[in-house]
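The next block holds one structure in the form of structure tokens; read it before the comments.
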Amino acid sequence: MYGEAVALGAGTVLNALATGVGSAFALDAETTAWVELDDSGVVEGAIAGAPDGDTRLIRRCVERVVDRFGDGHGGHVRTESDVPMAAGLKSSSAAANATVLATLSALDVPVGDGADAVLDREAACRIGVAAARDAGVTVTGAFDDASASMLGGVTVTDNTADDLLAREPVDWDALVWTPAERALSADADVARCERVAPMADLVADLALDGRYAEAMTVNGLAFSAALGFPTDPAVEAMPHAEGVSLSGTGPSVVAVGDRDELERVRDHWTQREGDTWLTTTRTDGARVIE
Ligand SMILES: Nc1ncnc2c1ncn2[C@@H]1O[C@H](COP(=O)(O)OP(=O)(O)O)[C@@H](O)[C@H]1O
Ligand SMILES: O=C(O)C1=C[C@@H](OP(=O)(O)O)[C@@H](O)[C@H](O)C1
């Protein structure tokens, strides 16, 4: 009983830590999960390149799928990822979505919009969100990030009700800067984020109006200030990018817009320590590998 699936990392339009409403867009950065189920009743996990990595999330994803669709199975889950962990680029959502889809595949449960499908990808995504809450790796459940990773494009969600408010395909080039430091979402200063709630409401209005790029720039200024991250990378990008923001609870910064213009931003950002890379948005989302 074997399954394999891929899900995507994402960047932030609106951080949900202020009001519970959030927005994110899928990036071309993939996490793959391999799941092998057996009759042991115990789930073990491993993360490629991180022998001491916290596997609670992916083990809990397997357990939740097995509880609903399996028969007391245990087994083994392993992930391998292009998405740096705890850098604001939604590694947890990508790992959860890939693991949920791989486990469903191992149990031969069809997912999607087809006539034989038992659940659609949005429902599969909610299983990963529940597992993230169980594992304590999230503040709001992060349905914003999880839905972007699972469905592709940009999504706007209300994480207090796991409600999908909007979803649109977006076709942008994106520039990502990831410094070496790491910031676990679960350790974020939520009270500081709540202080910028009026700005978060404005960002939500802009996003629901389809003005995603401007929305993310306002988000970046507000949440960089709230969480104590520098705004210099955003100010360097603003003359060239359509939008730029601190992603999630940081420390990564993502700019979107025209490739030629983003290459000019790259000239600034590569002078900083850390990794800077050009990528694109993705509209296809997560998938099972048959
Ligand atoms: N590739 C992965 N495989 C398994 N678990 C992962 C993976 N990536 C992230 N996680 C889980 O998610 C946690 C990080 O979540 P979080 O702080 O929200 O970072 P991010 O913003 O990248 O989602 C990790 O401590 C780990 O529990
Ligand atoms: O844990 C959470 O509830 C969230 C964490 C943040 O993302 P990161 O995990 O990328 O820091 C934030 O952007 C998101 O809207 C909600």
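Placement of Cβ uses the backbone N, Cα and C atoms for every residue, glycine included.
Feature annotation from TrEMBL assigns ATP binding site to Pro84, Met85, Ala86, Ala87, Gly88, Leu89, Lys90, Ser91, Ser92, Ser93, Ala94. Positions annotated as domain 'GHMP kinase N-terminal' by TrEMBL: 57-153.
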Look at each of the binding-site residues, Pro84, Gly88, and point out the one with the fewest other Cβ atoms around it within 10 Å.
Pro84
Which residues, in sequence order, are found in the same chain with Cβ within 8 Å of the centroid defined by the Cβ atoms of Pro84, Met85, Ala86, Ala87, Gly88, Leu89, Lys90, Ser91, Ser92, Ser93, Ala94 at the ATP site, excluding those residues themselves?
Gly9, Val83, Gly248
Scan Pro84, Ala86, Gly88, Lys90, Ala94 for binding-site residues whose C-beta lands under 6 Å from an atom of ligand 2 and note them, or write none.
Gly88, Lys90
Cβ neighbour count within 10 Å, max among the binding-site residues Ala86, Ala94, goes to Ala94
What's the most sparsely packed of the binding-site residues Lys90, Ser92, counting other C-beta atoms within 10 A?
Ser92
Over the span of the domain 'GHMP kinase N-terminal' (57-153), how high is the average pLDDT in this prediction?
97
Could you list, ordered by sequence, which of these binding-site residues: Pro84, Gly88, Ser92, Ala94, have a Cβ under 6 Å from ligand 1?
Gly88, Ser92
Quick check: in three-state DSSP terms, what is Ala94 (ATP binding site)?
helix
Per DSSP, what is the residue tally for the domain 'GHMP kinase N-terminal' (57-153) in helix, strand and coil?
53 helix, 10 strand, 34 coil
